[in-house]
């Protein structure tokens with residue numbers, strides 16, 4: 001009898017091979033249920049097309065007859081499958097894969113699928129799960145499994161058409177009944193299980209259900225390929241199912257599988273389905289509603305509006321909605337609208353006097369676009385976003401996603417405007433790829449669970465899946481998290497792109513509103529924005545040696561400050577108002593005696609000493625080392641101050657040596673406009689600089705060689721900023 005026992009399985013294998021002689025695409029049909037084309041369904045189709053699967057979607061256009069979020073349901077899938085199988089019931093060679101679609105993707109092709117199906121040595125193979133559902137009382141009836149997952153999962157199964165017809169033949173339930181329970185009861189009936197020849201994919205060789213198995217599944221990269229690997233069983237599943245609460249993990253895996261992103265190829269799908277704006281005239285561009293949100297005291301608001309104006313997009317196709325919650329920024333907003341509001345198609349301002357809550361304002365902005373069918377896009381931008389790339393809006397539109405955000409990070413930090421994963425309670429969790437995405441080691445368009453600060457939404461999405469007028473409320477969540485939770489709940493994907501550097505996030509942690517011009521104090525927290533606002537645009541040319549003049553021996557003259565920097569420093573000093581008396585007695589300095597007194601205010605009097613030292617280190621020290629080769633400075637100073645010269649107050653300054661190794665002297669206003677006269681004369685060289693340029697600095701040696709005097713100011717008021725460096 002032993003030879004006969006050996007021949008039986010061999011005969012079955014020969015039969016199975018005979019059934020599989022045709023090409024995989026000829027004897028395999030994939031059936032799925034999709035009542036509407038969601039983004040999840042389109043992802044499923046894309047992964048299927050990648051491997052050339054034949055797909056037939058059942059139920060498109062039907063209502064889904066189960067309330068969303070309820071645990072029961074799925075009977076509608078059985079009804080649709082039963083009807084679809086009627087024309088295939090006698091096709092013995094036809095293998096049918098039935099699977100969910102919204103939360104499923106393929107990781108491999110038909111040939112591997114059929115090979116693993118045959119190796120299972122059953123006519124029907126169901127996916128297996130770690131958790132029993134929906135009736136835990138049935139646990140004891142399940143066959144014991146020594147290695148692998150024990151419980152049936154109805155989200156995916158494969159079998160020969162006649163066997164599947166037998167499987168669903170007894171279905172007479174309602175659409176709202178549980179398909180999982182229906183299939184479970186058949187499987188747990190030993191007679192039916194044997195008759196239909198059903199087994200489970202215990203070791204996840206074909207199907208990987210993620211619920212209860214998140215720790216088992218990792219990405220496996222290998223020479224331009226990427227798969228999901230089950231660590232527990234060392235298998236490479238063909239289908240990945242984000243069942244239950246694991247859809248976000250499927251989104252993460254779907255950023256890579258199947259071969260959408262690898263280390264060798266980078267992103268292979270980022271240029272699919274783009275909306276090209278090339279060759280489209282301004283008059284044909286889509287209308288964009290820009291929502292601007294100033295929800296807390298924020299540095300560089302004036303710079304924010306300048307960047308908005310620099311966008312390469314016609315204002316006549318842009319509408320503005322501005323919510324300013326802060327009285328502190330009221331003047332800046334009103335100044336911008338007074339100068340540029342008429343350039344936009346329309347403007348709506350909700351100011352601090354209205355006292356509108358953050359979430360309500362954001363709902364209002366989105367609804368303005370939703371209610372206007374001519375609004376093609378809604379572009380939401382918070383004031384703490386530094387949008388430095390003028391092509392930002394066009395680049396986001398071209399990516400052609402329902403919801404997309406550009407990557408924004410804080411300077412020198414991993415803090416960004418997206419999360420790669422969520423914790424069990426719905427808050428931040430770091431995904432495996434988060435750091436690589438933030439630091440640009442992985443570049444692409446990523447499906448993520450959370451975005452904030454800046455994003456573009458299609459108007460059609462706001463009038464469709466996101467039509468709820470209350471997107472920014474959800475339980476007790478903050479508006480940003482509420483928005484993302486509501487978007488996820490509607491099965492709309494949120495994408496993040498780091499294909500281009502469009503800007504960065506400001507740091508608000510140390511921003512103070514106690515000064516007249518608070519941005520001056522942001523050199524540490526937001527150095528790039530501080531540089532853009534306050535450092536002369538030609539400073540880099542000077543650093544390259546292309547814009548440095550030598551009006552007198554060893555005296556160098558180059559641009560350093562913008563007009564705004566000069567004006568704000570002067571205004572800050574006048575606002576402080578505690579000018580010295582210009583006599584020798586001076587309690588502000590060590591010893592209390594000033595040999596060469598001026599009417600001035602020291603940087604430390606306005607709490608600006610630390611920031612001034614940072615400025616010297618970052619911008620003056622590099623020039624010093626270039627202009628005085630061999631000399632290296634740490635930019636130490638005892639005295640840094642702004643001097644005021646007036647004809648009736650202190651018009652000039654007596655000849656003197658500075659108590660420094662070198663001195664910088666920055667002109668803060670304009671000769672011939674703000675004052676007449678003034679300048680500096682170096683006596684030893686009989687050399688004078690009589691027309692200082694606003695924003696330019698003189699740099700010269702201090703003690704010993706460069707004996708100099710301040711020439712008389714004959715009209716108006718002259719201001720200079722002086723530092724005695726390395727005393």
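Glycine residues also receive a Cβ, built from the backbone N, Cα and C atoms like all the rest.
According to Swiss-Prot, the signal peptide annotation covers 1-18.
According to its DSSP assignment, residue 163 (N-linked glycosylation site) is helical. Annotated N-linked glycosylation site per Swiss-Prot: 163 (among others), in sequence order, evidence recorded as sequence analysis.
Swiss-Prot lists 197 (among others) with the feature N-linked glycosylation site. There are 15 other Cβ atoms within 10 Å of the Cβ belonging to residue 197 (N-linked glycosylation site).
Under the heading N-linked glycosylation site, Swiss-Prot lists 538 (among others). Reduced to three states, the DSSP call for residue 538 (N-linked glycosylation site) is coil. For residue 538 (N-linked glycosylation site), the same-chain residues 6+ apart in sequence whose C-beta sits under 8 angstroms from its C-beta are 547, 559.
Under the heading domain 'Fe2OG dioxygenase', Swiss-Prot lists 636-727, citing sequence analysis as support.
Residues or ranges marked as Fe cation binding site in Swiss-Prot (evidence: sequence analysis): 656, 658, 708. The Cβ neighbour count for residue 658 (Fe cation binding site), using a 10 Å radius and every protein chain shown, is 23. Under the three-state DSSP scheme, residue 658 (Fe cation binding site) falls in the coil class.
The N-linked glycosylation site feature in Swiss-Prot is assigned to 686 (among others). Neighbour list (residue 686 (N-linked glycosylation site), Cβ cut-off 8 Å, at least 6 residues apart, same chain): empty. Taken residue by residue with DSSP, residue 686 (N-linked glycosylation site) is part of neither helix nor strand, so it is coil.
Residues or ranges marked as active site by Swiss-Prot: 718. A strand conformation is recorded for residue 718 (active site) in the three-state DSSP classification.
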Which recorded positions from the set 163, 197, 718 come within 10 angstroms of residue 656 (Fe cation binding site), judged by C-alpha positions?
none
For the binding-site residues 656, 708, the one whose C-beta sees the most other C-beta atoms within 10 angstroms:
708
Run through the Cβ atoms and count how many others sit within 10 Å of the one on residue 163 (N-linked glycosylation site).
19
What's the CA-CA gap between residue 718 (active site) and residue 197 (N-linked glycosylation site) in angstrom, rounded?
96
Around the Fe cation site (656, 658, 708), what further same-chain residues have their C-beta within 8 angstroms of the site's C-beta centre?
596, 653, 655, 657, 663, 702, 706, 707, 709
Cα of residue 658 (Fe cation binding site) to Cα of residue 197 (N-linked glycosylation site): how many Å, rounded?
98
Rounded to a whole number, how many Å is the Cα of residue 197 (N-linked glycosylation site) away from the Cα of residue 163 (N-linked glycosylation site)?
8
Tell me, how many other CB atoms lie within 10 A of the CB of residue 718 (active site), whichever protein chain they belong to?
28
